[in-house]
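Features of the protein shown, as given by TrEMBL:
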| type | residues | note |
| --- | --- | --- |
| BINDING | B:31, B:35, B:38 | [4Fe-4S] cluster binding site |
| DOMAIN | B:17-233 | domain 'Radical SAM core' |
């Protein structure tokens, strides 16, 4: 079961102040750092978050990743939407214009 | 590198230390507030014993090399140290994510801007109550409420992410919905609703602070409802009243597994209450490196793994879920730090603990947290 999405195709997601994408050199992994939380990222999560520039919409990010990984754009868009919804719930990703 | 014996628990069973993610840096015990549930030990450390800023710098570098990603700079009130910005700067230079845990009292707007430049990533502000009278009475500090509300505005104006830390207990639990609403109004990204943990000062004030079973149920309901309503807008973290729970809390996510605490004098503790285990000895960063202490100190290794456990934990399927509960609570309630946490429904002491919690609710006045005069 997937919870209701918190981001629409035309929405622009971004990492707000206090949330940082970085290397964990000791463990050799990528992590997302946020207030009192650090989350380990897999290669897909890292690829998605690295695309967040505060300018492009979910749709345009999905198109870029679909082209790069030769995958169907609908599937990629759905994966990004679900992944980002989880992070929006945790306030680790913001959406432009949202309260 | 010196030869070190293989790490072993308090019974001599070999253990395998993991790597810590987070470090609590209690840089001072000085504080303008006198909250009766303060998590600091009853024996407070004086200013003269505090670790200097440059030592904190070394400790932060050692922490980062050890795998720590985040530091929580706390106290006491961290703002009581005039070199706070320098300490924050050292933490950022070491590559750590810096959470500032503050009462908001004694940090001016100019100083908060200085802390912004020094690299604070996130601010957590404590809340003792919902109105001036309640907040000031619980904190023992007249005027605290107004100062906190002003401070919260500066935090969001400067742009820091804000977490509100609301400590709840018998005397304010009914106001939990208002606390959540206030956090929303202040623009907080998160609220931590933490039921008082009964160690140290809070234990001295049990009779005034122990929530009733009904209150614990009410708080759970309020949190569940608010989580649905505020989904995507504010995160609610909740530390429930464990005296009214079926199973104990997974203290520290397992002793010596992911976190460590450095006290103002440089003592390194597996958790902030560990000094309540009277027989335990703690190493100090003035004598050994943090990495050496993490991997080789007796205190950290004592309760690592599950081999040290006695029954009913030893044969329990939850032993890797809650790790036998809180060692300090086992010490306080069972008189034995190795015992099953007596708040667990499987503990032979459970019925006694519940009966005592039910009887506790009979006092309203506090023993305030203060440093002893002189000394």
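Note: Cβ is positioned from N, Cα and C throughout, glycine not excepted.
TrEMBL does not curate its annotations; it predicts them automatically.
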With the [4Fe-4S] cluster site defined by B:31, B:35, B:38, which remaining residues of that chain have Cβ atoms positioned within 8 Å of the Cβ centroid?
B:33, B:34, B:37, B:39, B:40, B:76, B:103, B:139, B:201, B:369
Give me the count of other Cβ atoms within 10 A of the Cβ belonging to residue B:35 ([4Fe-4S] cluster binding site).
24
Under 8 Å Cβ-Cβ from residue B:38 ([4Fe-4S] cluster binding site), six or more apart in the same chain: what's there?
B:31, B:200, B:201, B:202, B:369
